[in-house]
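These notes are about the structure you will find just below.
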Amino acid sequence: MSADITETPAWQALSDHHAEIGDRHLTELFADDPARGTELALTVGDLYIDYSKHRVTRRTLDLLVDLARAAGLEERRDAMFAGEHINTSEDRAVLHTALRLPRDAKLVVDGQDVVADVHDVLDRMGDFTDRLRSGEWTGATGERITTVVNIGIGGSDLGPVMVYDALRHYADAGISARFVSNVDPADLVAKLDGLEPAKTLFIVASKTFSTLETLTNATAARRWLTDALGDAAVAKHFVAVSTNKKLVDEFGINTDNMFGFWDWVGGRYSVDSAIGLSVMAVIGKERFAEFLAGFHIVDEHFRTAPLHQNAPALLGLIGLWYSNFFGAQSRAVLPYSNDLSRFAAYLQQLTMESNGKSVRADGTPVSTDTGEIFWGEPGTNGQHAFYQLLHQGTRLVPADFIGFSQPTDDLPTADGTGSMHDLLMSNFFAQTQVLAFGKTADAIASEGTPADVVPHKVMPGNRPTTSILATKLTPSVVGQLIALYEHQVFTEGVIWGIDSFDQWGVELGKTQAKALLPVLTGDKSPAAQSDTSTDALVRRYRTERGRPA
């Protein structure tokens, strides 16, 4: 739907409602509705999702659901799951949800049973990783592979590295993984440091097998390998995740060891496709299946739950509530789990590449802000970095707190009497409580604080948070978390009327970089650039590289 949502009665009703309740404090909202602490919460799969500490009333939620219906959210959701071409600018289906359908499901899109195709690739991935993990697959010298190096960028890197970090505790076959993405040579050099060529396998992840950064790194990695083991070693030390057999073969990779995916999978939605091969190599096909099943739990919830009880829809609508009615520009994602240290970076691509759009699907300009800026760090690190702004700054930053009741690792506290995990989680609960309810000047003064210091210690509260609590960080839970955010992104995109599944904004910079490369490297002084800033920068760079300016 691409009509101007801001002109609908549902939008106007929300605007009027915001004028009525926008300044109400969470302390007051809880006093008026004590049951909200348990009733404004949902359990989805293994996730307990508490959204009671948001600046919403039950009436707000009703109006947000009305807005979703006015935008056609349910119809667009059903169209996505059915395989309709909802990516209109590229005329493609959007079927990342098909990547986690069970084997006995059936979904025919454009005359093709995509479930059968998905499980054919999964079976091939499973066979390959079984051989790798058992030691049946060896390198050129007959030695067992102990390190997998994934070479990719964007969705071919951010997803796998995040999931690997989250699930490395499930590694059980003596295989570890490293990830190379940046065309800065320092990245590849650092990741190859200490590795033995004979025990290293490279996964080159590029759908077209022509991505500049990925192929540049892959070529350098091949040189590192062949310098040690000879050209014939490439076939035993490189596999590909791609759909371009010709270029894969020309690179020297046996196309029997090429794992494909489809145009209906966007890069930022692809970690549960063959792009996750590095993860499967480390944790095994059975746990990878648990990972996929976690996605499917949330997919089915999003597909079938009424909007009032639909966690991704509600969280997406609440995010839009802050973006469009409170003027919030960003959302902090704060996992109280060091294993999720890359989760915020992963969500940056998922959310910002999807919804960072300024035109609607029909090409007309949007009439409201779109796209939340996602950022964050694990707790408690962030508490000693940027929480000051969350608590006492002038900007409203809604925050998502993610935590677990059972740790992947635990150690005793300094005095030996307690659990470090309990200490971590006490900070989780304390931060959401203080962000919501704060501490008044009267309460601070009553403690004997000097009058001139009181204003500096006031904690205003009324800072909104979502709390997501699961028992433990398992493969299934990681899948559930990713799907929870995927469908929030979809919800917001539908309301804004944008195409959340293209990314034209990344293309022009790539084209211009190709044009500028010979300008930087040529033997002769280059022609003037079209703007004086770039011209001066290029000439300074050439001078410092020892080339004629």
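Backbone N, Cα and C define each Cβ position, glycine as well.
Over in Swiss-Prot, the protein carries these features:
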type     : residues : note
ACT_SITE : Glu353   : active site, proton donor
ACT_SITE : His384   : active site
ACT_SITE : Lys510   : active site
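Separating the Cα atoms of Lys510 (active site) and His384 (active site) is a whole-number distance of 37 Å. The two recorded residues, His384 (active site) and the residue listed as 'active site, proton donor', show a Cα separation of 29 Å.
The number of other Cβ atoms within 10 Å of the Cβ belonging to the residue listed as 'active site, proton donor', over all protein chains shown, comes to 22. Following the DSSP three-state reduction, the secondary structure of Lys510 (active site) is helix.
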